[in-house]
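Listed in TrEMBL:
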TRANSMEM  6-24  transmembrane segment
REGION    29-89  region 'Disordered'
COMPBIAS  53-71  compositional bias 'Basic and acidic residues'
BINDING   200-207, 282-286, 344-347  GTP binding site
DOMAIN    365-378  domain 'SRP54-type proteins GTP-binding'
Amino acid sequence: MDYTIFAVAVFVVALLVFGGVFLIRPRRPGGGADQPTDEGQGATATATAEPEAPEKEAEPAERIDVTEGAEHAPPAEPAAPEIETPPPSAGRLVRLRARLARSQNALGQGLLTLLSSDKLDDDAWDEIEDTLITADIGVTSASQIVENLRTKVKVLGGRTPDEVRGLLREELLAQIGTDTDRTVRTGPHGDRPGVVMVVGVNGTGKTTTTGKLARVLVGDGRSVVLGAADTFRAAAADQLETWGSRVGAPVVRKDEGADPASVAFDAVSRGIEEGADTVIVDTAGRLHTKTGLMDELGKVKRVVEKKSQVDEVLLVLDATTGQNGLRQARVFAEVVNITGIVLTKLDGTAKGGIIVQVQRELGVPVKLVGLGEGPDDLAPFDPEGFVDAVLGDAEED
Ligand SMILES: Nc1nc2c(ncn2[C@@H]2O[C@H](COP(=O)(O)OP(=O)(O)OP(=O)(O)O)[C@@H](O)[C@H]2O)c(=O)[nH]1
């Protein structure tokens, strides 16, 4: 009996030892502990499927902590980029005027030719009005311009090209408004930074504008912190980080899907801590129901205001989208108190009249215009510079 028990015990121990060795050995190639080595071996097909599984499982647990932390650490940071010194804002529209002239000149030349024709009959005036409407200036403004021009031309009698240009210039400027305050308020208040919220539908150039505006401010000698509160797409935050790193502006971001208001709050806190002059918060515009949009933008603003007042809410509109852009503008204007408009992609459309229409609709001035994809292709809007470019009076190239 004893021998039987002893024999069974020896057999069990032997089985365990043999089985243990056998079981441990095959795990090595794909096992958790060896994972970094395997990963380093790179992309060769079949073996990669297994090691990836434990890695993915481990990630979310770590990421939750990161979400709560101040910033998202980029995975493998490349060598720090060289910090650029962008040009100041002054004189930018002059530099970009040739580009404006190129896109808007057909409108100006079309109007000047019609106005200079010998016979200014009803058909000619209708054509002038149609040309203005085609340029998205809006029906009300177009008919006002035509009415005023008709009266002035009658009084004038004969018309020299200079006189015609002068009349048209005057009318266009009157519609755009020369005495409007177009200052972008970015200044700090004591020890608190100025806060700018950038809103608008994605694809209009919102993130690009946030980055370009940071460059404008840094070019003017300001220190800037950026908040990547468009958390719908991680790529938007990556994009902003690239903009920020080029001018040495820190970017506060969190994981995709994080609460935009908390990103904005942290960005403003960081701005205060660092004694920055301005915090620019890029928000998401992807919510196509008005209630969702209202809730989100309202919350971002309220939360930011716990830390500092919001000085500017800039609405970014794509000039090439015409009536669609105007519809977007109306929705945003209903949900948030817009203080200025940034009209992007003016280099890509002849319909610069949208400036007049959007200002008239929203009662808010165009403060900045985007004139290209280059990093410094954002300029403070200047009505005279714009109209001179439309009328083909661009001296610089
Ligand atoms: N030609 C031209 N392109 C512009 C201008 N502003 C922005 N863009 C381009 O428009 C595209 C969209 O810009 P984004 O800044 O990514 O647009 P967004 O609204 O932030 O959209 P998301 O990136 O999806 O958040 C990019 O290719 C920009 O380079 C402009 O003034 N002129």
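Glycine too: its Cβ is placed from the backbone N, Cα and C atoms.
Keep in mind that TrEMBL annotations are predicted by a computer and have not been checked by a curator.
Confidence over the domain 'SRP54-type proteins GTP-binding' (365-378), given as mean pLDDT on the 0 to 100 scale, stands at 95. In this structure, Gly203 are the binding-site residues from Gly203, Thr283, Arg286 whose C-beta falls under 6 Å of some atom of ligand 1. Counting only same-chain residues six or more apart in sequence, the Cβ atoms lying under 8 angstroms from the Cβ of Gly200 (GTP binding site) belong to Lys206, Gly285, Leu315, Val316, Leu317, Gln328, Phe332, Val342. According to DSSP, Leu346 (GTP binding site) sits within a helical segment. Per-site Cβ counts within 10 Å over the binding-site residues Lys206, Arg286 peak at Lys206. Around Gly203 (GTP binding site), the C-beta neighbours below 8 angstroms that are at least 6 residues distant in the chain are Asp318. Secondary structure at Thr283 (GTP binding site), as computed by DSSP, is strand. Taking Cβ-Cβ distances under 8 Å and a sequence separation of 6 or more, the neighbours of Leu346 (GTP binding site) in its chain are Leu100, Ser103, Gln104, Ala319, Gly352, Val369, Gly370, Leu371. Around the Cβ of Thr283 (GTP binding site), the number of neighbouring Cβ atoms within 10 Å comes to 27.
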